[in-house]
Amino acid sequence: MNRIFSGMQPTRQLHLGNYLGALRNWVALQDQFESIFCIVDLHALTLPQDPAVLLSNTREVTAAYIAAGIDPDRCIIFNQAAVAAHSELAWILSCHTPMGWLNRMTQFKEKAGKHRENAALGLYAYPVLMAADILVYKATHVPVGEDQKQHLELARDIAGAFNRHYGNDFFPLPEPQILGEATRVMSLRDGSKKMSKSDESDYSRINLTDDADTIALKVRKAKTDPEPLPEAVEELEKRPEADNLVTIYSALAGTSRQDTLGQFAGQQFSAFKGNLVDLAVAKLAPISTEMNRLMSDVGEIDRILRHGADKASAIASANLSDIKDIIGLLRP
Ligand code: AQP
């Protein structure tokens, strides 16, 4: 059986990168796969969080999933902390993961920065918890943005190492699904950095909750270069900011970058940006309106999360019991 698992951290608001790189693909995939979508609040703890904000963000990310089109009646939606099996399997897998593998993880190096010695152990171990998130459901496919590719490869390595060690093929090797035109949306202020929740400048990203005026302002201020739009995709190679805006437009319009260039080649970015604003507002306004509606009834959001956690727990506990039997851990 094919099953997808994926998640997002409830750290600040979701942005266009989260939407185009992951969430929008999940919506399309829910028709083809048994789907489990998590709000990974335990991952959020790898960096300091305000408790009230964390709780509110967990509900807001849930609202974003549903507003973007994830159907809670067909998919399992829950928060990670509500299913203890994630943490339990993370410990088991951490005992099967060489530290050398974790030392290669670029996200840890980027997030820990110069203060590596002060970084939390959880930030270092993050990819093992992510492997546990996926493997506790024996998920076969994991739709993510390009930045998560390395973590996914590690999850496959951990699954393979476990299977080899115990001489079985218990875990499927999860396939990354990196789909669409915008697998890595870049910052609006710097085309060499990915659009990110943690960027200090709010002008670097378009949040799913931004209103039309804010989207227009951010797109108008987005960095570009003085050249008009080129005719061929290859000509965007050394123009990262221009490439990023063309990629965002194409992903939102559901066309290829070449088709977008066919439509706008020769135009200045000032004119193109107007079209991009109209398209972004048309696509995002219904999501933010629906998010606001959902957020006005947090009782209903909590009910959806509880229901999802019950269903997720049933699958995860059964798999964890099998894992304990394989390892030789006595269970009640
Ligand atoms: N810029 C991006 N382009 C395409 N996909 C992206 N994703 C994140 N940024 C981009 C994808 O969104 C999913 C959820 O990501 P996450 O919330 O778990 O954490 P992240 O990857 O660390 O996202 P951020 O926004 O960059 O957060 P911070 O600033 O906290 O690190 C994943 O599938 C991811 O690939």
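Here the Cβ of each residue, glycine as well, is placed from N, Cα and C on the backbone.
Curation plays no part in TrEMBL annotations; they are all automatic predictions.
According to TrEMBL, the ATP binding site annotation covers Q9, P10, T11, G17, N18, G145, E146, D147, V185, K194, M195, S196, K197, S198. Sequence-distant contacts (6 or more apart, same chain, Cβ under 8 Å) of N18 (ATP binding site) comprise M8, G145, K197, L208.
Under the heading L-tryptophan binding site, TrEMBL lists D133. The Cβ of D133 (L-tryptophan binding site) lies under 8 Å from the Cβ of F5, G7, C38, V40, Q80, H86, each of which sits 6+ residues away along the same chain.
Across the range of the motif ''KMSKS' region' (194-198), the DSSP-based residue counts are 0 helix, 1 strand, 4 coil. Positions annotated as motif ''KMSKS' region' by TrEMBL: 194-198.
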Can you name the residues of this chain that are 6 or more positions from V185 (ATP binding site) yet have a C-beta less than 8 Å from its C-beta? H15, L16, G17, L20, G21, G145, K194, M195, N244, T247, I248, A251
Give the nonlocal contacts of the motif ''KMSKS' region' (194-198) in its own chain as ranges (CB under 8 Å, at least six residues past its ends). 9, 11-18, 47, 147, 184-188, 204-206
The number of other Cβ atoms within 10 Å of the Cβ of K197 (ATP binding site), counted over all protein chains shown, is 18
Taking only same-chain residues 6+ apart in sequence, whose CB is under 8 Å from that of Q9 (ATP binding site), what do you get? I39, V40, D41, H43, A44, K197
Among all protein chains shown, how many Cβ atoms are found within 10 Å of the Cβ of E146 (ATP binding site), not counting that one? 14
